Amino acid sequence: MKFGKYLESQVEANRYVDYKGIRKSLKRFKSEIESLNIHISELKAYNLNNATSKINSKQPSPTTATATTTTIGISSSNGGSNLLRNSISTSKFMNLSQTPLGSSTPMPSDQITAINTSKSILESMEQLKEIQDRLVKSLTDEVSKVNDFYMEREKEAQERFDKLKIQVPLYLKSKEKQRRENEKELNDHDELLSYSESYHYSKKKNKLNNNNNNNNNNNNNNNNTTSPPPLSHDQQHLQQPEIKRINQHHAVLNLTPIKSTPLSPKQQDGSSKKEVKISLLSSPILEEEEEEEEEEDDNIHDQDPEVIEMATVYHYDEDELEEVLSDNCNDNGASDEFNGSVNNNGAGSGGGGNNNSSSELNLTFDIIGSKISKSLKEISTHVVKPTTTFFQPLGDRAKRFMSMGKQKSDEALLKEAFREYYHFLVILKNYQVINYTGFVKIIKKSEKNTGLSIGSQVMSFIESQQFRQSKKIERLTSSIEKIHSELFNNGKIRDARKQLRNSEHVSQQSPTISNFFSGVCAGWTSALLMLIYYFIYTKEFDDFVRFSSIYNVYSAFGLVLLWAFIFGIDCWVWTKSHVHYSFIFELSKNKFNHVKIFQAVTLLSVMWITSIGVYMWQSVSGDDFPFPFVPPEYNPLVLFGAYMLILVCPFNIFQLSVRKWFLNTVFRVLTAPIKSVKFKDFFMGDQLSSLVLMIVQFAQFVCFYTYDVYRPEHSGGCIRYARYFNPFISGLPAYCRLMQCFRRYYDSYDSTTGKGDTVHLRNAVKYSLSIVVVVCSTLDGFFSGDSGWHSPYRLIWVVAGVSNSMYSYWWDLICDWSIVVRPKGQHWNPFKWTLRKRRMYQPTFVYYFAIFSNLGFRTTWTFTKSLPQLTNILPSYKLVVVIGIIEILRRGQWNIFRLENEHLNNCGKFRVTREIPLPYQIRDNEN
């Protein structure tokens with residue numbers, strides 16, 4: 001594609017160089033210059049003839065010879081490029097031909113004629129100079145428009161960069177906070193695990209000593225008055241909420257006994273001690289093992305006192321606690337001393353008792369109690385809400401499942417914002433290069449066609465403009481690459497540039513695999529079509545099981561596949577015409593294109609045809625079918641199950657992102673008034689409006705497999721009840737679109753002016769008429785009966801249908817497509833319309849075809865009441881499918897021109913990148 005054609009395809013004149021408009025101006029200037037050249041050439045020829053006649057009549061004087069030579073020089077000029085240079089020679093000729101001042105001799109007539117001719121030449125030269133000035137002014141004005149637009153975009157780029165730059169420290173702060181939390185959780189887990197291991201080691205060792213010295217331990221328990229009493233099972237059960245409350249706040253206690261030191265008399269007095277039953281913090285593993293060991297032991301009172309001490313501590317008064325802590329609290333080497341204390345205690349117990357061990361044990365209780373007191377004081381400063389430990393994990397999992405796929409992480413949002421901003425900078429840089437190259441080519445073409453030397457004057461003006469001199473885009477690009485590399489690529493600029501330029505990995509499928517897949521599908525489909533052809537045209541379809549119901553189910557699937565195929569053709573047209581449909585639909589072009597759609601349709605069509613062939617074969621064969629696992633009437637249900645498995649498959653196969661986009665969009669359509677409406681939402685709502693027949697047949701499919709399939713074949717229960725629920729199903733898409741229109745009007749409402757965009761209300765009228773048509777059609781079906789066209793309900797239905805069709809047809813041409821506009825200066829004339837100038841498709845004939853064919857498509861609803869008259873051509877069940885096919889074709893045509901109009905609107909507002917919501921909100925008091 002030539003560069004000039006590329007610039008002509010840029011339909012916004014104030015955005016890129018108006019190459020097409022300048023070419024038209026050059027043609028106009030060229031015609032004016034050519035007319036001036038003809039006039040000047042005639043004058044030169046006339047002067048040359050006069051000079052020649054003078055030479056023949058008399059000997060020319062030096063003055064006349066000079067004049068003749070000058071005149072010949074003028075005539076020898078070729079084109080307008082030398083006219084300005086020859087204007088000097090012409091002025092010399094006039095000065096030589098004028099009569100000297102003070103001379104009374106009248107000038108001859110031929111000299112007067114020469115002077116008048118020279119004046120005419122000078123006037124032509126002035127006109128030529130005026131044309132040159134006009135051409136230069138038109139070019140400089142175009143340069144100014146481009147420069148003004150570039151300055152606006154450059155300012156926008158700086159503002160977006162400032163917003164992104166503010167996000168960087170917030171992201172680093174959040175990441176550091178998350179890292180600290182992870183480290184804290186890891187340390188807490190390791191600490192609990194190490195404590196649990198040491199505790200159980202000492203517990204098992206003491207238990208072994210207890211079994212060997214049972215009698216000695218009982219004597220020690222009776223003599224040792226300072227040892228704590230054991231806890232009953234009920235008391236331990238009451239202490240569990242306190243354990244959980246401490247565990248929730250991560251109050252991890254380092255419980256280690258201190259060195260063996262002699263006790264003061266005040267400390268040896270056990271009367272000042274107050275027993276407080278507080279359970280120590282333990283890990284879930286510790287609690288499980290304690291429960292298992294409690295079940296094994298029949299009597300907890302037979303355990304060693306050091307085992308019981310982990311469940312009971314003693315609390316001192318504040319004075320006593322400070323004295324104990326100041327004298328004895330030393331945690332260095334606590335683990336080894338703890339093990340030694342346990343060993344010594346066990347040995348003393350075996351020898352008949354040890355006072356040092358008892359004192360050491362009491363001091364251990366003191367330190368444990370002091371640490372628990374501090375922890376409880378810290379916990380008391382926070383408000384603790386009791387939670388259930390059994391249902392909490394289930395609730396967290398449910399929340400994660402419900403939020404799956406809805407919100408991205410802060411890092412993913414920030415990366416996406418960086419990519420979109422980098423894409424914006426690349427487009428802006430291309431804008432600089434394209435416009436500068438366009439001006440250079442236009443200047444060359446202007447000098448070539450007009451012969452005027454304007455290059456130096458215009459180029460000097462271009463070089464002085466900001467869009468040529470500014471280097472801010474390069475600086476912003478390098479800055480964003482550096483920031484991205486430091487945040488996400490470990491300082492590697494090359495990797496950062498690769499990630500920023502390629503928003504996602506392009507998975508290119510091997511053409512061999514694609515061709516093999518197409519060949520297998522084509523061969524398999526051909527064989528099945530031959531089988532279906534044999535069954536149909538051998539008049540054996542009367543033997544098909546429940547043919548009328550199964551036909552409706554398979555036809556519904558076929559309509560969906562046809563709609564997908566037509567949509568793939570639309571994507572192919574948009575790709576060829578450079579309509580940015582992937583940006584409009586907010587999807588990746590690598591995963592959503594016509595090739596992917598055709599591949600999906602091929603796979604689903606093969607499954608559809610296979611199911612039909614198996615159903616026919618099984619119906620005809622009966623018990624002779626080689627695989628009689630599923631009855632023939634359940635084959636559509638199996639096909640539907642396979643389709644649903646593909647649609648909701650959670651694995652990253654079958655275009656997971658596109659399937660999620662489709663399901664999310666359909667959900668947003670069904671919940672229209674709740675959320676704001678995007679283009680993809682009301683576009684999908686319009687698609688569902690054209691698939692009403694498929695939706696109705698799907699409802700019959702549900703009714704068939706929940707009611708009719710268990711009853712005799714000709715019971716017809718669903719057919720009798722269909723007249724009651726079909727109107728609600730038929731009006732559901734129109735209702736969803738009506739709610740979307742109201743929501744869009746609500747979103748456009750301005751509280752300051754008290755008004756909203758009324759175009760959404762006018763659009764709501766169209767869908768209101770559709771609902772009225774459904775209501776009138778239902779009343780006609782219930783009350784008209786045998787009256788037919790003489791029934792007033794039938795007439796009301798016709799009036800509503802005609803009104804809906806004409807209003808929808810007008811809305812398509814004027815608003816949805818915008819291909820018909822009023823010419824400038826004639827807005828008052830309601831009968832004067834023309835095609836809009838900005839068009840993406842060629843040739844222009846397709847627009848006229850769309851105008852007239854859309855009117856025919858909009859009137860296909862008349863066939864629904866003409867079925868008795870048309871049954872001679874096609875059976876009624878086939879004619880209904882034909883009407884559905886026509887509606888899908890109309891929707892495919894509507895899609896092509898609707899996306900074109902949206903693309904042109906985006907170009908007009910310079911919407912080429914998405915607005916990514918930033919992860920961190922900035923408060924007003926933050927700088």
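The backbone N, Cα and C atoms fix where each Cβ goes, and this holds for glycine too.
These numbers come from a predicted model, not from an experiment.
According to Swiss-Prot, the compositional bias 'Low complexity' annotation covers 60-78 (among others).
Annotation comment: Swiss-Prot describes 208-224 (among others) as compositional bias 'Low complexity'.
According to Swiss-Prot, the feature compositional bias 'Acidic residues' maps to 286-299.
The domain 'SPX' annotation in Swiss-Prot covers 1-460 and is backed by sequence analysis.
Residues or ranges marked as region 'Disordered' by Swiss-Prot: 54-78 (among others).
Per Swiss-Prot, region 'Disordered' is recorded for 204-239 (among others).
Look at Swiss-Prot and you will find 257-305 (among others) tagged as region 'Disordered'.
The region 'Disordered' annotation in Swiss-Prot covers 326-355 (among others).
Look at Swiss-Prot and you will find 516-536 (among others) tagged as transmembrane segment. Beyond the transmembrane segment (516-536), the same-chain residues lying 6 or more positions past its ends with a Cβ under 8 Å from any Cβ of the stretch are 599, 602-603, 605-606, 609-610, 612-613, 616-617, 620.
Annotated transmembrane segment per Swiss-Prot: 553-573 (among others), in sequence order, evidence recorded as sequence analysis.
As annotated by Swiss-Prot, transmembrane segment applies to 597-617 (among others), with the evidence given as sequence analysis.
Feature annotation from Swiss-Prot assigns transmembrane segment to 636-656 (among others).
Sequence-remote contacts of a segment are chain residues at least 6 beyond its ends whose Cβ falls under 8 Å from one of its Cβ atoms, and for the transmembrane segment (682-702) they are 549, 552-553, 555-556, 559-560, 563, 585, 636, 640, 665-666, 668-669, 672, 718, 722, 725-726, 729-730, 732-734, 736-737, 740, 744, 770, 880-881, 883-884, 887-888, 890-891, 894-895, 898. Residues or ranges marked as transmembrane segment in Swiss-Prot (evidence: sequence analysis): 682-702 (among others).
Positions annotated as transmembrane segment by Swiss-Prot, on the basis of sequence analysis: 769-789 (among others).
Positions annotated as transmembrane segment by Swiss-Prot, on the basis of sequence analysis: 845-862 (among others).
Swiss-Prot lists 869-889 (among others) with the feature transmembrane segment, giving sequence analysis as the kind of evidence.
Here the transmembrane segment (636-656) has Cβ contacts under 8 Å with residues 550, 553-554, 557, 591-592, 596, 600, 604, 607-608, 611, 615, 630, 662-663, 701, 705 of the same chain, all six or more residues outside its ends. Listed as Cβ neighbours of the transmembrane segment (553-573) (distance under 8 Å, sequence separation of 6 or more from its ends, same chain) are residues 579, 581, 592-594, 597-598, 600-601, 604-605, 608, 611-612, 615, 636, 639-640, 643, 687, 690-691, 693-694, 697-698, 700-701, 704, 841, 881, 884-885, 888-889, 891-892, 895-896, 899. For the domain 'SPX' (1-460), the model gives a mean pLDDT of 59. Residues 514, 517-518, 521, 524-525, 528-529, 531-532, 535, 541, 544-545, 550, 554, 557-558, 561, 564-565, 567-568, 571, 625, 632, 635-636, 638-639, 642-643, 646, 654-655 of the same chain lie 6+ residues outside the transmembrane segment (597-617) yet bring a C-beta within less than 8 angstroms of a C-beta in it.
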